[in-house]
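Take a look at the structure below.
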Ligand code: GP9
Ligand code: MN
């Protein structure tokens, strides 16, 4: 009985199909082992585990199957060569991932010339002996053939069957994609993170998708010409807003904190649940006489969400109509972003975020933007209880960030991206001390609880700034990146806003997010100017005394008398002090009344629409064509990505050297003693 079975297996292995299936099986098993042991893909739940286990199969069947179209020995060798090449790709990714927590992309291989230059350690140091085990199956298969344990099947494999197998693999691939997309919608359109594509679709699919994207990107790039810049400059020269003398240069030389309030909407300010303020500290900050608080400020993001917000905030360029510009155009394009501008003014520049560095391609894009440091999740001690959702809990994040901030030479430009107030608004019991709302919508109700937690985390950080004196010599900029409650929750939104029904106008106004600028001595107050994320950079630069006569920025200074109050949404809708346009409807902004426009109004609306469409498409042209490579504003030095590395040990070394060269950090001024004793947090995890 047993020998009969053995006989059948060895018979099968002696056929071409049998050998092919064995090679595929071994390849899939090793890929899965690599997934589990060499990468941290963040697999959560049974479905994702299942997808991870099956995702190597369709591509392996398809690619190895190419060999079946050839006959005799050639077919076997071809199979081994394909196996070998794909294994080399895995190997290269293992090594690259160890250093960057990200996967290799063609842009990186092509663009930076040599990857090794950017590696923190030498290749010999980062290649581990165990990495070579992934070649073992190939050696075994070749051995089996050479020693004739498995015989080469000389009979031609029927083309029909080869075709059938190819077809089947493609169907499997599409099916697998469907399954993956049901767990994470927008996988390839919104792009997110290379880790996601590998986790859901596999390393080979990632390679193919990456090749496609890189190719698309370089096609538009190669069509663009230097003269394309002319129309953009002409447009911008027309629309620049002169600085307001009351504010221009008022905060020159101060440190800058950009605090990114995740998914934070304006309606939360002064909002109460059961008579209690959701965000008492932010409310106080909002009312502070040294805070300029905008209450008609809108997010303008599309699919790129956080990354779109970051793109607008630090470049004054719009995100793209589809996907994330940081992911697709972050590595290759030339930028003239806030960190680079301020670096050249003598600032230390650093971004802080408690998520993996690869998300939204930050680890690469930040180099193009000229960030000297990127303190991502790799820089923080972590325990399972320290994280929720995407990463570090805000209270722990702010405290750990402070530990690095105190070491940064001043003046510095620091961006802190919070995380806990992110869909689906998860928070453990011990951190939850605020009542949920009671709309009955499960995704909406805990929103105020994580917002409340964020408020407390923010307050702890502000206390530290006060105690260390940082508050006095810093500008603190707060903004909400985008909505937390999407438009799919109309009934719940109606309840939150105490309204019977919700119109499209209400939803448009629901896109307001906080924008506040605080500095000791700054003339504050509630400012009703209409504006959006695109306007932040010019506003901030004017406060710091940087004139923008020649920069490529699509926003205008919110404090300028010439500020443009027409706020464009990414889909072409808009809000102005007079009109709110959603789809084919126009409402009066003041009252929310649906407008039946007369001919004069029609002309006004058409003119605003024309402006909005032009502005969005010009901004897109800059990104698609990588036009900034053709134009460097006077006084600005082009960013060299190779100047930067965010790898942990390198980063720490660099920080130490910088502090020695220029001992202006808080810690240096404190006699080289840590100021962390001044940081008070009630985070239960740290007790
Ligand atoms: C992830 C975080 C969330 O790192 O910034 O991004 P989002 O989902 O808000 O775009
Ligand atoms: Mn976000």
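Cβ atoms here come from the backbone N, Cα and C positions, even for glycine.
The Mn(2+) site recorded in TrEMBL includes 306, 481, 482, and the single candidate from 262, 277, 460 that the record places there is 262. Looking up the ranges 12-35, 108-131 in TrEMBL, the one annotated as transmembrane segment turns out to be 12-35.
Sequence-distant neighbours of residue 481 (Mn(2+) binding site) (same chain, 6+ apart, CB under 8 A from its CB) are 260, 261, 262, 263, 264, 299, 301, 305, 306, 309, 310, 513.
Same-chain residues lying 6+ beyond the ends of the transmembrane segment (132-150) with a Cβ under 8 Å from its Cβ atoms: 13-14, 19, 22-23, 26-27, 29-30, 34, 76, 80, 83-84, 87, 90-91, 94. In sequence order, 263, 299, 301, 305, 306, 308, 309, 513 make up the list of same-chain residues 6 or more apart from residue 482 (Mn(2+) binding site) whose Cβ falls under 8 Å from its Cβ.
Within 8 A of the CB centroid of the Mn(2+) site residues 262, 306, 481, 482, the other residues of that chain are 260, 261, 263, 264, 299, 301, 305, 309, 422, 480.
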